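Working notes for the structure below.
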Amino acid sequence: MTTAAASSPRTYQVRTYGCQMNVHDSERIAGLLEQAGYLRAGAADDTPDVVVFNTCAVRENADNRLYGNLGQLRPRKDQHPEMQIAVGGCLAQKDRSEIVRRAPWVDVVFGTHNIGSLPVLLERARHNAAAEVEILESLEVFPSTLPTRRESTYAGWVSISVGCNNTCTFCIVPALRGKEKDRRPGEILSEVRSLVDEGVLEVTLLGQNVNSYGIEFGDRYAFGKLLRACGDIDGLERVRFTSPHPKDFTDDVIAAMAETPNVCPSLHMPLQSGSDDMLRAMRRSYRSERYLGIIEKVRAAMPDAAITTDIIVGFPGETEADFERTLDVVRAARFSSAFTFQYSKRPGTPAATMADQLPKAVVQERYERLIDCVEEITWAENRRLLGKTVEVLVAVGEGRKDERTGRLSGRARDGRLVHFDAGSLAGQVRPGDIVQTVVTYAAPHHLNADGEPLAHRRTRAGDAAEAGQRPRTAGVSLGLPTVGAPPPMPPAASSACSC
């Protein structure tokens, strides 16, 4: 029998669904697999040795999407029996053995608390020729200790906490991610510095509720202190965070945002509903007046701040008057963008069994009215930037039409998406570089800048992108098994082409 060590390295692919937390978890999954000797499958490889689904249980029809994708893989699995399929993330934490019952060709099911076990579970499933299902009820190892394969040379996610202590009636995340666990500030800042040392310019601090950071070690001002400490890190040009909860938003955090030059003038703060009755039913612990009061304070401290939000339409019991109150708050808040969702039942949440579930047609009609209202406001807010100079961090994959239009794309400091013409700098601007340019056109969801750029600054992140390099966070040694023997690293190329 040929041993794994003697065979060629096995390849992997990670498919991610859901929020930024899942995106960052997938970076950890990739880092774990590469540390264990796997190689990332090429884009054209439709039969990798391992396919990992990192799932979401929050989005509508998340289970149907997963089982549909698993069904599409079954013929390939039948043709290539050595192929392994693993399912992790929130849906795996929720459904557990149900996944293997409905899709018996799945090899491994792992949860949100034991990502670090994946390489061992894959090896065990291969050895035993049987599915491995391992779901833990509490965090095994804080995810920051796991190796990470970063997808960007210029921007990185850094978790400051996992889990959530809130009990929103529509949300299943606390049941799947557990109670809030906070990293200590020194660990967070060490990770941020290591990313900056590798050329990263922008860091997003991640947590289910970043404003409650510090509750585990008894410091209610910890998040403001953390933002200010990030301001002392040389080379860190942009700091963002997501998501805060309005009930925990303090004046100290607003002051820290305004006082710290590298904290971006942007804020994503979920509203969910503008109706106090709906907020009470959602168990959101704030009311619309407090929400608008926070926005007023943020804009007083940071007049150019772009504020974005999440809104749910059609929550059980929502009346036309409740919905009109949501529109009123949207008009008063003047969001620069909004993620809007039609309510759908999440099994296991209190809202799923509430009376007065709304007909689909009513929810759809309100949803369309909300979209129209939001787009009217975001378009007006974007038009205010016509003729203004913006600083753009050039990104990869932000502009779906870039190849056809000849533009490049990136994010302004306030988080707005900017498509720009490189002009005489065409071929010189790389992902991770900084460009200053003037806004010439505004749409509801983006800005265009079609004049000659005013300035271009080459960065170490751009150098790394050009060389095909990515920053990595090594984490700590977990004694993981090595599967196969990775080939030597190729020489760096000399040139090359988001509660």
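Placement of Cβ uses the backbone N, Cα and C atoms for every residue, glycine included.
Among Cys19, Cys164, the residue that Swiss-Prot places alongside Cys56, Cys90 at the [4Fe-4S] cluster 1 binding site is Cys19.
When the ranges 393-420, 449-476 are checked against Swiss-Prot, the one recorded as region 'Disordered' is 449-476.
In the three-state DSSP scheme, Cys168 ([4Fe-4S] cluster 2 binding site) falls into the coil class. Between the C-alpha atoms of Cys90 ([4Fe-4S] cluster 1 binding site) and Cys168 ([4Fe-4S] cluster 2 binding site), the distance comes to 17 Å. Of all the binding-site residues listed here (Cys56, Cys90, Cys164, Cys168, Cys171), it is Cys56 whose C-beta has the fewest other C-beta atoms within 10 angstroms. For Cys56 ([4Fe-4S] cluster 1 binding site), the nearest of the binding-site residues by C-alpha distance turns out to be Cys171; the candidates were Cys164, Cys168, Cys171. Counting only the Cα atoms, the space from Cys164 ([4Fe-4S] cluster 2 binding site) to Cys19 ([4Fe-4S] cluster 1 binding site) is about 15 angstrom. Looking at Cys19 ([4Fe-4S] cluster 1 binding site) and Cys168 ([4Fe-4S] cluster 2 binding site), their Cα atoms lie 17 Å from each other. All protein chains shown were included, and the count of other CB atoms within 10 Å of the CB of Cys19 ([4Fe-4S] cluster 1 binding site) stands at 19.
As a summary of secondary structure, the domain 'MTTase N-terminal' (10-127) carries 59 helix, 23 strand, 36 coil according to DSSP.
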